[in-house]
């Protein structure tokens, strides 16, 4: 038995046989020359770079999410005109394509390393592109991952590139261990997103023999090679999620250190997401997006089919809270069985959400009936929720329909007017849920889809926090169901603003639970006040963190 | 030569997505474009590696220059990307 220590960046315990990712592509021999046709040799190098770029772009499109941006940037690196010029120059001087690629990348690598900071972090991306181009030129397979492994393995590597890991799932990887990397490395981000334990900056990791049984504690950063079976079993039993290391157990309801409850709920698209929600200790569902039942269908699903889908979700959370958002359609999300929407110049500002439901109420009424039937005989607290509500009149209309069906009613707070007049809306509905992504889009008049405007989508924007505070202070239960709540520090701030529940993608729940459990409500309130007193998102986050001492470095 | 002097507003500086958007927009323009710190050595705006190595941070000023047909329009687009938050 041998122990290594690194930085735990994704909590939980993982155990499995080590799979060592093959090292780098070998360095092409210095001084190697080509046959004397620089034009053909340059064309060969460019064709290889183009194939690599195309492969990276395609992979990025296929996996989506944050990996897409990284892979797109890597594809741009492969096609970089300055790099191509360096390669062509070296080939003109007689150097073989493989060696020219190696040397040209090395020059840019040195410039990036010198710049330090953020740029130095991209050096691993650059190295990965270089290895791919050289492998392509030599006809070598790029070192890949084992396929068809019969049990989840512990992936051990010097460092991992996004392209290596983009297609991994937790069914095949029990844990990650890398010799390099930090809390913001791709490995760390990916592992947290997957809910898989990870230890980075672990000296000696690459010496772990392939096939050796390895136990990884992503909370303490400890990596044990060939532990006793009893030790492995105990660690696995103790470590489900980051909560293992926190005062709260994985299944404890969300609460601050001094016992102020903050319900921790999952965002789901249907029964298929229940397993992950339960596994991460969700107490209920804060946002059930019912659109998925309706997409790609010529006819709306019948009531019986809906009852079955809803009941499956409700019975998973006995005594819990389940918020079901009724159909949210619009010109940008057309449905075959609704009349074709007119062409709108600006669908985000058009006839959508509750506006469309008021024109075409039949589908919604069917949903409410199905939901009421599904709730019969279950102990979950069911709330129907309307999207895109802008006025008390709309809220009132929806609430009346819910009452008629025997259901509690809620509204999404995603239009600034609804947040500003929250007190008025609170008189007619039982529940608010703040959709931070859309609220930010409408608050800043900044389209979510426009890349150049992403700064406005930063959930730490003080103006956004002001609107959340307005909604949370209106006197009815108020949840947050945007991804804002999945940032542990922001989760504490939202609790401090008076939010009563946080709903998010399930893998983030243990993090937020642990962050809440380590701070008192007074600390959360102080963090919220400090954040709102600032004028930029960055300053707001820094000011809040000054009041949240227990947050680990990876959260900062 | 037409130029724009702009302050980089993105929190991440001219890195990550803003850098990619900037370089992609520059690469699509049929004119030569350079970026430099005021008084500094210009680099190729169509090269992601050159832009990343320039390491421009939030709040820093850069000078973008372009020459040829449509230079003014592409400079306006690039300046808008850089000065967006």
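Each Cβ is built from the backbone N, Cα and C atoms, and glycine gets one as well.
TrEMBL entries are annotated by machine, without manual review.
What TrEMBL records for this protein:
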type	residues	note
DOMAIN	A:5-117	domain 'Phosphotransferase system enzyme I N-terminal'
DOMAIN	A:152-221	domain 'PEP-utilising enzyme mobile'
ACT_SITE	A:186	active site, tele-phosphohistidine intermediate
DOMAIN	A:252-519	domain 'PEP-utilising enzyme C-terminal'
BINDING	A:289, A:325, A:437, A:438, A:448	phosphoenolpyruvate binding site
BINDING	A:414, A:438	Mg(2+) binding site
ACT_SITE	A:481	active site, proton donor
Sequence-ordered, the binding-site residues among A:325, A:437, A:438, A:448 whose CA is within 10 A of the CA of residue A:481 (active site, proton donor) come to A:437
Could you measure the widest C-alpha to C-alpha distance across A:289, A:325, A:437, A:438, A:448, the residues recorded as binding phosphoenolpyruvate, and give it to a whole number of angstrom? 21
Position of peak Cβ density within 10 Å, selected from the binding-site residues A:289, A:325: A:325
Can you tell me the three-state DSSP label for residue A:289 (phosphoenolpyruvate binding site)? strand
Rounded Cα-Cα span from residue A:437 (phosphoenolpyruvate binding site) to residue A:414 (Mg(2+) binding site), Å: 8
Using other CB atoms within 10 angstroms as the count, which residue among the binding-site residues A:414, A:438 scores least? A:438
Residues with Cβ closer than 8 Å to the Cβ of residue A:448 (phosphoenolpyruvate binding site), same chain and 6+ apart in sequence? A:348, A:437, A:438, A:440, A:441, A:457
Residues in the domain 'PEP-utilising enzyme mobile' (A:152-221) per DSSP class, helix first, strand next, coil last, are 16 helix, 19 strand, 35 coil
Surrounding CB atoms that lie within 10 Å of the CB of residue A:437 (phosphoenolpyruvate binding site), all protein chains: 15
For the residue listed as 'active site, proton donor', the number of neighbouring Cβ atoms whose distance to its own Cβ is within 10 Å equals 28
